[in-house]
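Contents: one structure, followed by commentary.
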Amino acid sequence: MGIHGLAKLIADHAPSAIKEHEIKSYFGRKIAIDASMCIYQFLIAVRQDGNVLQNEDGETTSHLMGMFYRTIRMLESGIKPVYVFDGKPPQLKSGELEKRVERRAEAEKLLAQAQEAGEQENIDKFSKRLVKVTKQHNEECKKLLSLMGVPYIEAPCEAEASCAALVKAGKVYATATEDMDGLTFGTTVLLRHLTASEAKKLPIQEFHFSRILQDMELTHQQFIDLCILLGCDYCGTIKGIGPKRAIDLIKQHGSIEEILENIDPNKHPAPEDWLYKEARGLFLEPEVVDGTSVDLKWNEPDEDGLIQFMCAEKQFSEDRIRNGCKKITKSRQGSTQGRLDTFFTVTGSISSKRKEPETKGSAKKKQKTSATPGKFKKGK
């Protein structure tokens, strides 16, 4: 779900923190990608006659086609992607997960009604609401990435939190996701639309966290409290407090505790047993991969393995998969040239509270840590 209305709030109150770029602007960048969000996008977008792609055995293949071709597109643009998969959800998320089950049940009813009435537009709409990323989808995508030579990480908990940890450790430039809570977890740079379909022609939106805090005149903890007021996955919100009122209250009182002391509980009741402190703790100190010990490697594709998996097992066209392998190999030859700016700073590792550039010594130190074996690293 992410954070309700946060992107618009940032656009209204900190527009200079958002930049728009084409994909070619990220040549030479290492980017951590929220894998579950990508797979969900592929299951919705990669369709034929309104249905997910399937092979002759009735197995869904939309996620594999999307992952294969969108990853190749990034590699051809000189990007080094690392996919981060969700681990176990935090206990606080159980309420949100229950709501999702209820919404799915409602969508199933509406889909049945639309099918009975022959309403194709509603059939498409409610079919997409029933899309769910399964463990099998995840495992098949991990296998595909390994065969493509692209690294992936299994996060201990929320993928966006571990993406942010990789950014803060200087291992990657940015977190790529459509969920804005990557910023709440403290990623210094967040990218939206990186994995969107080329046909949509959406520019990539780049959000800079330090500039957001600066322009909104908030600390990181105040920003987290703002996100909780807007609505997150971990707890409810105060009734009748919209985005504009939320930011005004945070600026006026500085914290949720002070806001609760100063608003009328009859007009604006807080949820019973409101777990906002626990939600704040999850954002401030999430369970994440150890970013400093992760060793990311991008390898040559295993062409024979890809043909066996994608063609023999999943029934993709052999010509297309071999052509994709050639593109991956060619992209590796072109991506050996680095970005000029990476010779001077470790991009993406600057704290949101710091404005001065890092010293050359710290950059060398960061470069040395990349040789340390990573506990969660799965690229092969």
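Cβ atoms are placed via backbone N, Cα and C, with glycine included.
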Quiz item: What does Swiss-Prot list, out of D86, D215, D225, as binding the same Mg(2+) 1 as D34, E158, E160?
Solution: D86
Quiz item: According to Swiss-Prot, which stretch among 291-299, 300-308, 318-326, 336-344 corresponds to the feature region 'Interaction with PCNA'?
Solution: 336-344
Quiz item: If you count other Cβ atoms within 10 Å of each one's Cβ, which of the binding-site residues E158, D233 has the most?
Solution: E158
Quiz item: C-alpha of D86 (Mg(2+) 1 binding site) to C-alpha of D179 (Mg(2+) 2 binding site): distance in Å?
Solution: 13
Self-check item: the region 'I-domain' (122-253), counted residue by residue under DSSP: helix, strand, coil
Solution: 69 helix, 15 strand, 48 coil
Self-check item: Top Cα neighbour of E160 (Mg(2+) 1 binding site) in the set of binding-site residues D181, G231, D233
Solution: D181
Exercise. Averaged across the region 'N-domain' (1-104), what pLDDT does the model get? Just tell me the whole number, please.
Key: 85
